[in-house]
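Annotated in TrEMBL:
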DOMAIN    96-360  domain 'ABC transmembrane type-1'
DOMAIN    364-614  domain 'ABC transporter'
DOMAIN    695-989  domain 'ABC transmembrane type-1'
DOMAIN    1025-1258  domain 'ABC transporter'
TRANSMEM  95-117  transmembrane segment
TRANSMEM  137-160  transmembrane segment
TRANSMEM  213-234  transmembrane segment
TRANSMEM  240-261  transmembrane segment
TRANSMEM  322-345  transmembrane segment
TRANSMEM  351-373  transmembrane segment
TRANSMEM  691-710  transmembrane segment
TRANSMEM  751-775  transmembrane segment
TRANSMEM  847-866  transmembrane segment
TRANSMEM  932-955  transmembrane segment
TRANSMEM  961-981  transmembrane segment
Amino acid sequence: MHCPAHPECNTTCIELFISTSSLPFFVSWLNPLFRIGYKRRLEEDDMYKVLPEDGSERLGEELQRHWDHEVQKAAKELRPPKLTKVLIKCYWKPYAVLGIFTLIEEVIKVIQPVFLGKLIQYFENYDPDNMDALYEAFGYAAGVCLSTLILAITHHLYFFHVQRTGMKMRVAMCHMIYKKALCLSSAAMGKTTTGQIVNLLSNDVNKFDEVTIFLHFLWVGPLQAAAVLGLLWVEIGPSCLAGMAVLVILMPTQTMFGRLFSKFRSKTAALTDNRIRTMNEVVSGIRIIKMYAWEKPFSALVNDVRRKEISKIMSSSYLRGLNMASFFAASKIIVFITFTVYVLLGNTISASRVFVAVSLYSAVRLTVTLFFPSAIEKLSETRISVRRIKNFLLLDEIGFSRSTQYWEGVPNVLHTQCMLSSSPVPPSNFPQSSLLSAILGELPHDKGVLKVKGQLTYASQQPWVFPGTIRSNILFGKALHPQKYEKVLRACALKRDMELLPDGDLTVIGDRGATLSGGQKARVNLARAVYQDADIYLLDDPLSAVDAEVGRHLFEQCICGILKNKPRILVTHQLQYLQAANQILVLKEGHMVARGTYSELQRSGVDFTSLLKREEEGPQAPGVETECRSPCSRTLSQNSEVSHTSSIRSVKDGTEQLPAEPVQTVVEESRSEGTIGVGLYVKYLKAGANILVLIGVVLLQFLAQAAYILQDWWLAYWAGEQEKLNVNGTVTIQNGVNVTEQLNLDFYLGIYAGLTGATLIFGFARSLVMFNVLVKAAQSLHNRMFNSILRTPVRFFDVNPIGRVLNRFSKDIGQLDAALPWTFVDFIQIFLQIIGVVAVAASVIPWILIPLAPLIIVFLFLRRYFLQTSRDVKRLESTTRSPVFSHLSSSLQGLWTIRAFRAEERFQNTFDAYQDLHSESWFLFLVTSRWFAVRLDGMCAVFVTITAFGCLLLRDQVEAGSVGLALSYAVTLMGMFQWGVRQSAEVENMMTSVERVVEYTELESEAPWETQMRPPPEWPSQGLITFDRVSFSYSSDGPVVLKDMKAMFRPKEKVGIVGRTGAGKSSLVSALFRLAEPEGRIYIDGVLTSEIGLHDLRQKMSIIPQDPVLFTGTMRKNLDPFSQHTDEDLWNALQEVQLKSVVEELPNKMETVLAESGSNFSVGQRQLVCLARAVLRKNRILIIDEATANVDPRTDELIQKTIRDKFRECTVLTIAHRLNTIIDSDRILVLDAGQIHAYDEPYTLLQNHDGIFFKMVQQTGRQEAVALLQSAKQVSSTLTQQSMSTSLSHCSLAVK
């Protein structure tokens, strides 16, 4: 036996277990794991390595082979391919063999009641002197006990193996889904969403785990029913047909329930997809939602979808409740009708007949009313899931689609001006990246030939990083060559950042690179491309996320340095670099207008020159300045939290070290330990109903159980009274005639019918009421969690990956909606039944309580011992599932990069590794469950043995009816007890989902949205902003990023905000919007912002964010989610930002539903939509946060012009990379390390040659610096003239 502390050696013992798995205690090799689990918390290292035949790659490739074959065959036969056929072909042999276990089990279930009947007959015909009969009875008692034991073993062997088959199918299918996702074409990506693919992987594939369990009962059920019918005919004659008729009626009823259920399931799945997709967008765009104060419309959107989803869930839960109640009531109805017919036909009942019939019916009832309908229900559910998966697997792949070169929904007019080997300059609002995507093969071309010789590498415009270390992101599968790696880090200005990180380049970056700033992500993204040894480099605007100094460093050291001998195609908006290009390609509206060198194009007078200010200085050599003097770095994106002023240390190559940006670390996911407290159950139930209702539910439960037992007891009592009559043969004399005394049939039958009716009414009522309470609890907890998420500060989303938050809304809420209510109700009903069984047995043989006491003690210890490990295994299963989803969603975001680097196989292998890790925990979950169940069933076998032999030992004191009741109940305990205990463990495991949801309902909340103190409706009428000693930090324990800041922004003033990396530019915006609460005071028009509600504050300021965010929904909803504006307003706003024509070209114009995250618009267009939002809001204050970083000069100019025209009366604060966008500001605020370095007119600032601003301007290059100085001078003289004319007019007024 191997110790789990060394899991790699455990494959052998698992294989040994599977080969010898016919032994009763076949899971004894798990004991060491349980010992560890009892002493301490289990970790991933304690798990056993996955078996080779359960490996994700092996299973997935095998199924993929069969699927590929089927697709080819179907194409030849001109029919759609069938995924079901492939699954059957791949798995039918091993699965068919498992049917033998089921058969053995069901045969024993039918034989056992026969032994029971013979045993009861002994008590009916009891003769103390007949020793032969006694020995025979001992034989029958042994038969009952032995069959109980064999049942235990075969049952668990069957269940373990079928669940393992289900696991294999699920793992293979996940492998195929991920493999498919890696080769989806752009057109196909428009037809599906990340949410939908995640749903396929989280919910749909789970159906394979469920369907394999029940499938064999489709053929075993009818066989068993026929055998039982034969035995009943022998026992009670034709009356059994009445009971079987009820069974036969129940089967189609339950099948109908199954059908209805799957209908609801498919509708629910679509709504769940929708809700998760919306949640994905809410969590991704939470910063924007908060700054726009759009929480309420999004809340309404999610609540609307959730309401529809819950109504479907409630209907399917009622169906489940009816199904469950009918399952419990079925045996009662059947026995009632059978014996009513039996006595009405003139027969007398006896204990042996009653209890043989009861036992036979309960044997077949389980199969016919639970397993058989479940098989049909799960089969129909699985068919829906298989169809959804098949549709996904048949989507277009790269290289196969032949659509026109369109971006889904928007005609793809290639408006790029391309300088081959250096810079396409895109003068428009269309995706200039289209040219690169065509070269990459991502966009299909209609005609003509596109030839690429050599290996490509690509740096995407929106930087993509995947969860892992920074080093693994840069190496991207290549071997580490230290010298080359160092060189790349230097060239990409990452060296200093690495030194400041806690673990250097081995720092783990979170989901979507949450711990890095935008600039760091962009540089890591570029370093990845540079490190690859490729022939052609496609660089899609890598300089946009960095400021002039870092941009120049990247251009000189990296693009024209380390890559100087390679062909490069660079898309850039930075016109100062055009001179260094070997060739510039001018594209207009998809056509090539001209191409040539910089000087050729200047001479030719093409439209291109209008983008460039005529250079006033003499020509300069293409190899721009080689010295960067001051370490000013890119403006920090939203999550820069710490500001580092770094000493400038020279390095050998003569360039200066650039300052680094800070990094946050991802908080590890909380995984609670220990038992689930009673308090959590109370919270859960109180979320669904008030105390009075809950007390009513408890009473109902007990009433139903009491009626359930009394009905059987009455039958036994009736049989006993009948037996006394038969023995005594009482004769009375009436009118001189001897009459044999008979029981009053009306009395006995009447009470029997009454008890049966009560059992039905209470049984159905308790199921439906319970489901209602639990589904309402799920609804209430979801709403509370969602509201809590909306109200928590932004900081929460910076430190928690999206996958983690979404997991609560998909997996955990999924558990609360469907699995938990069913398991909870099931557990309570079984628990009450078990108490009933013990009570009945004790009432017959009171001394049975003596051996029962140690059994209960052993059981309680076992349960505690098991749960300690089981809970950990279940939690491990949840936490090892998260990386599977994170990996999928990050792969989908970086699809182009992965394909450009030909890294599909490596990502597939990583996915398989994550799947194998999850399989390890799932496999442990399966075997630990069986370990426990085998031991529990062993205890039940002991209980049955004690009861059976106890009755024989006390043969003089017990009646046949009581023996029948006690033994038939004890035998039902067999499967039921271990199932009930496992359901209790399952409930406790599932309560971890409730725990995780409740944890998110109690998140720290930001300030209230509205307070008593409401600002006047027309506030702010002027737009005067005052910062009075403001200090700001993103979290209570985080560093202070703004320090004691005092500043005033005058009404209608246009202020530019600049500074090095980490200077606190974005933090200033965060403080203004109160994304975290600042210390000190901020006034707007004299109103203290910390005293008013967040919505009152945020709705009165407009922001154009750094990353433009669009949401799925119509264009109208994206512009005006509150529906506050008329159509005319909306069209005017679009006209202002020159998007009207683009929107008019969309199929449904303003009502066109945008693709996920607005991906059918270019970054520039998305930025213009954000501008249109600001135009619509007509606020007095506008903040622009590096909004033009990702757009071309022309769009930039358009944005600047709109801002000058439309926001003339507003106070405008602009954070900018490009100094030309803010050089014409009234004043410029220069920040350094969270403090104000300088604040004055641009021209005045440029007079100070030691100032940071002067150095920043110098960094842009000589021509650009001259142009900037010129603009500043112009602004200064204009301002001087304005102030003079104002003072003159004041003077003339005074004279008058």
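If you go along the chain as it appears here, the first residue is 1 and each next one adds 1.
Quick reminder: no glycine exception, Cβ is built from N, Cα and C everywhere.
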> Do any residues of this chain, six or more beyond the ends of the transmembrane segment (751-775), have a C-beta under 8 angstroms from a C-beta of it, and if so which?
Replying inline: 310, 313-314, 317-318, 320-322, 324-326, 328-329, 332-333, 336, 339-340, 685, 688-689, 693-694, 696-697, 700-701, 703-704, 707-708, 710-711, 714-715, 718, 817, 820-821, 824-825, 828-829
> At an 8 Å Cβ cut-off, counting only pairs 6 or more apart in sequence, do the transmembrane segment (351-373) and the transmembrane segment (847-866) clear the bar of 3 or more pairs?
Replying inline: no
> Among the recorded stretches 95-117, 213-234, 322-345, 847-866, which has the greatest number of Cβ pairs closer than 8 Å to the transmembrane segment (961-981)?
Replying inline: 95-117
> Excluding the flanking five residues on each side, which residues at least 6 beyond the ends of the transmembrane segment (213-234) place their CB within less than 8 Å of a CB in that stretch?
Replying inline: 95, 98-99, 102-103, 106-107, 109-110, 113-114, 159, 162-163, 166, 240, 243-244, 247, 356-357, 360-361, 363-364, 367-368, 371-372, 374-376, 378-379
> Per-residue pLDDT averaged over the domain 'ABC transporter' (1025-1258) comes to what?
Replying inline: 81
